[in-house]
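Visitor: After the structure tokens below, expect a handful of questions from me.
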């Protein structure tokens, strides 16, 4: 596969996810925030069903280890229930364009939580990027006034919850990302929608319900599928850098769909965030480190020192997922804090 196609797929994935913010703001006229959150996540579950059927990979949570079940439960609670509710509450107080940019606070929350609790190392360049994102978020809050500060706090809570979700999901090594997304979508969607109907019975049309599910399928389900397809060729880091353009698409869609004006504060914050995100993803380090023997399942290729197990000829060059073992080793190389590199640093 040439590089143009996976780059395009990653940008389409980012555009789909970025479009969810202005589209959700429109639907808040017909749904309570908790109801809409439920429908979006049910849509996410529906969106990944074709991938599960194609791969024929369904592993029940009861078949997971206690550690993986705990990680999955935490990801569902923080990422599937709490985060979308606080995000949609924040959308009620500020423009969807600003909320789209505030969502980059998820990177800050992920970085700080990772450093404090999840052995996710960040160097000087990375922390410089985090500081730039914080300053850009402050600019957005000032630009929106008092209502913007209240919305900023709500979106910040959502981003902290998603930051926890990111780390917990990354630590799940017993099922594939598609299965994690399915369980999160079906459980969180059902809980949110049920609570929303009990608190405030919905009187919206069936058409709006299908529109909400469609947004969930595209922005939370299909978007992930396209992202994974891109990562098979570009690698996770490059694909994630492209996917980080999602807020830019959110601002563009807010201007095109809702007619929201892109303010000077948003333009300055946008430039600052682009530079900060670039710095954040340039951060990596090189030192001697030790790996313990472990057995787990995750997406991988055989283009590194960690995955040397045997396969039928041809499969080693493709991104694939299955249960495999790692031997203990001690080595030195440039690395990021992926599932194999959550270790202590002095």
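Just so you know, glycine gets a Cβ as well, placed from its N, Cα and C.
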Visitor: Write down the single range among 125-143, 144-162 that appears in TrEMBL as transmembrane segment.
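Guide: Residues 125-143 are the ones TrEMBL records as transmembrane segment.
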Visitor: Among the recorded stretches 32-52, 99-118, 205-229, 264-281, which has the greatest number of Cβ pairs closer than 8 Å to the transmembrane segment (72-93)?
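Guide: Top-ranked stretch among 32-52, 99-118, 205-229, 264-281: 32-52.
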Visitor: Restricting to the same chain and to residues at least six past its boundaries, which positions have a Cβ under 8 Å from a Cβ of the transmembrane segment (99-118)?
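Guide: For the transmembrane segment (99-118), the list is 18, 21-22, 25, 87, 90-91, 126-127, 130, 133-134, 136-137, 140, 151-152, 155-156, 159-160, 162-164, 166-167, 171, 244, 246-247, 249-251, 254, 266, 269-270, 273, 277, 280, 337, 342.
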